[in-house]
Amino acid sequence: MTAPALHTRNLVKTFGGFTATDDVSLTLAPGARHALIGPNGAGKTTLVNLLTGVLAPTAGAVFLAGEDVTGLGQHRRVRRGLARTFQINRLFADLTVLESVALAVGERRGVGWRVWSPVGAQGEVLDEAARLIETLRLADVAHRRTRDLAYGRQRLIEIALALAVRPRVLLLDEPAAGVPTRESRALFETLAELPRDMTILLIEHDMDLVFRFAERISVLVSGAVLLEDTPDVVATHPLVREVYLGEATHHA
Amino acid sequence: MDSRSPDSLSPGPDAAAATPAPATVDLAPLRRAARPRWPELAVWLLPVAAWFLLPEDLALLTQIAIMAIFALSLDLVLGYAGIVTLGHAAFFGVGAYAAGLLAAKLGIGDPLLGLLFAAAVAALAGLVTAPTVLRGTGLTRLMVTIGIGMMLFEAANKATDLTGGVDGLQGIEMTPILGLWSFDLWGKTAYVYAVVVLLVLFLIARRIVHSPFGLSLRALHMNPARMPALGVSVDARLAAAWVLGATYAGIAGALLTQTTQFVSIDVLGFERSAEILLILVLGGAGRLYGALIGTIVFVTLHHVLAGIDPEYWQMWIGLVLIGIVLFARNGIMGAIDPFERLLARKKTEP
Ligand SMILES: Nc1ncnc2c1ncn2[C@@H]1O[C@H](COP(=O)(O)OP(=O)(O)OP(=O)(O)O)[C@@H](O)[C@H]1O
Ligand SMILES: [Mg+2]
């Protein structure tokens, strides 16, 4: 039996007296298309921060491909194939799109310590960065600075940076937040085309997109997993309807 | 949203056929990015011109070259890596004393050997201080850098047997450079020596900032929180930049020792740390030429204003600095930036 791509055991995170993550045991099988839904403040981003090592858990453990990574720093987990996007863009404002993506690709390929040859001479890095930029339909702005682009297009850079890591597990924290509807469709088409052996956890408020993308869904409420099942079951579950009454429209 | 918004919208799958947006990325502009450009050559003609036009002022010009190296070192640390420090004179001083002691106490007067020795000692000092400095952030970090500077100053002040304390370190004899050029009374050798070292260090720095490592420093400066998500250990990069900056500063200090054959305790002074920060901000941090331009403008201003008004020149220089920093927030080089980008845009988007 192969180990899950990512799983947690009784993960807890408290901020002062407030429990943001409440005994979460989540398992992502290799190649999973898993969605994490829940109302605002349910603790979705906090969970992603625990998975990636931005936050240390109060209790519990995180495993990547069966290996306990709870004590590992963020960058070490990334090197083991765990990448994420941020709910709010975290980009390099004065770098061009190409520079940003080349940076990410170069770091994964281990050229980040090269001091003696110019970025422009890293042939393989640049080629790979160019392909990724083309895939995300950013080619026309490759030489523009990030800060000069509309938020929706910056969002694509956010995703490009995560993909540049060539992750085995990808955590997408509301990738379409702030993206105009027309573009978010295109964005999800790109996500749907990602290799099947990549394990993906998607956080998203737009239920249409969630049901189209996910094969399993976990519902998080007040930091705890309320239920986990297939989209069909979740969609018709009375508890979910109760939690989501008036919520789904609120955020889309 | 700006006036270019139509082309900043993604074409989308259905619009792709109608919009002839480029589908492939042209790598040529990035490949060209590290190439030398014409204005750079003009800057490097300045020291040559100065040699002929200002033969009486070679000592001052030598000081400018040394200060420019020091500014360059701060630029690597602050302008590129984003580490704010008010204790950078520590490394300048360490380099100055290292070169001085090597010559005065051990009788090794070879200039290049002295530079190498000073560079190594300063690098070591950088390595030792890096963990303490980088542990904190923001104000804490700034305080630590000031603290380190003060401690070193006091240490040099107390260790009079070694450093001469406030009287300074004397008895420094330099042998000819490469056994060929001895330091002359008119400061010709010293000037050429300092300018050549500046040029070499500048070219090395130029290579480094255009490298993947240099790109990672710039990125880290803009958004340190994002770097771990790309698999980068921020601390290791910052430490490397810190040590590099320390090494450069140490070489600058050693040059001062060698060209003046004397070490004053001022090399470790807080004023020196503050002044170099001013110079860099004035010239424009995060651009190598900002360090050079800032030094030239600052020392020239200093010189001219002190000549006009020996009593109140500091007030005038303060006024000029405030003016420049207010009107050109990213320094003199920053004021040139928009034009440069316009030119670059024209080239990439014909
Ligand atoms: N660093 C922190 N310190 C204190 N409280 C925090 C911290 N981070 C998050 N919280 C709290 O934890 C709860 C969960 O926040 P989180 O951002 O994980 O929610 P979310 O499910 O991602 O919400 P949204 O849908 O709005 O993004 C919120 O009540 C938030 O205020
Ligand atoms: Mg969130």
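Our numbering is plain: 1 for the first residue shown, then up by one each step along the chain.
Each Cβ is built from the backbone N, Cα and C atoms, and glycine gets one as well.
Residues annotated as region 'Disordered' in TrEMBL: B:1-20.
Listed by sequence, the residues of this chain that lie at least six past the ends of the transmembrane segment (B:60-83) yet keep a Cβ under 8 A from its Cβ atoms are 47, 50-51, 54, 91-92, 133-134, 141, 187, 190-191, 194-195, 197-198, 201-202, 205, 208-209, 214, 217-218, 220-221, 224, 237-238, 241-242, 244-249, 251-253, 255-256, 259, 276-277, 279-280, 283, 285-288, 290-292, 294-296, 299, 303. Marked as transmembrane segment by TrEMBL: B:60-83 (among others).
If you look up TrEMBL, you'll see B:90-108 (among others) marked as transmembrane segment.
Per TrEMBL, the feature transmembrane segment maps to B:114-134 (among others). Packing against the transmembrane segment (B:114-134) from elsewhere in the chain are residues 83, 85, 90-91, 94-96, 98-99, 102-103, 108, 141, 144-145, 148, 174, 197, 235, 238-239, 242-247, 249-251, 253-255, 257-258: each is 6 or more residues past its ends and has a CB under 8 Å from a CB in it.
Listed by sequence, the residues of this chain that lie at least six past the ends of the transmembrane segment (B:190-209) yet keep a Cβ under 8 A from its Cβ atoms are 34, 44, 47, 51, 58-59, 61-62, 65-66, 68-69, 72, 75-76, 80, 111, 115, 177, 181, 183-184, 217-218, 244, 248, 251, 255, 258-259, 288, 292. The transmembrane segment feature in TrEMBL is assigned to B:190-209 (among others).
The feature transmembrane segment is assigned by TrEMBL to B:229-256 (among others). Counting residues 6+ beyond its ends, the transmembrane segment (B:229-256) has Cβ neighbours under 8 Å at 63, 65-67, 69-70, 72-74, 76-77, 80-81, 83, 88-89, 91-99, 114-115, 117-119, 121-123, 125-127, 129-131, 133-134, 193-194, 197, 201, 205, 208, 213, 216-217, 220, 263, 267 in the same chain.
Residues of the same chain lying 6 or more positions beyond the ends of the transmembrane segment (B:276-301) and with a Cβ under 8 Å from any Cβ of it are 40, 43, 46, 60, 63-64, 67-68, 70-72, 74-75, 78-80, 85-86, 88-89, 202, 205-206, 209, 218, 221, 317, 320-321, 324-325, 328, 330-335. Under the heading transmembrane segment, TrEMBL lists B:276-301 (among others).
The feature transmembrane segment is assigned by TrEMBL to B:313-336 (among others).
Within its own chain, the transmembrane segment (B:90-108) has Cβ neighbours under 8 Å at 70, 73, 114-115, 117-119, 121-122, 125-126, 129, 145, 148-149, 152-153, 156, 162-163, 169-174, 245-247, 249-254, 256-258, 262-263, 267-268, 272-273, counting only residues six or more beyond its boundaries.
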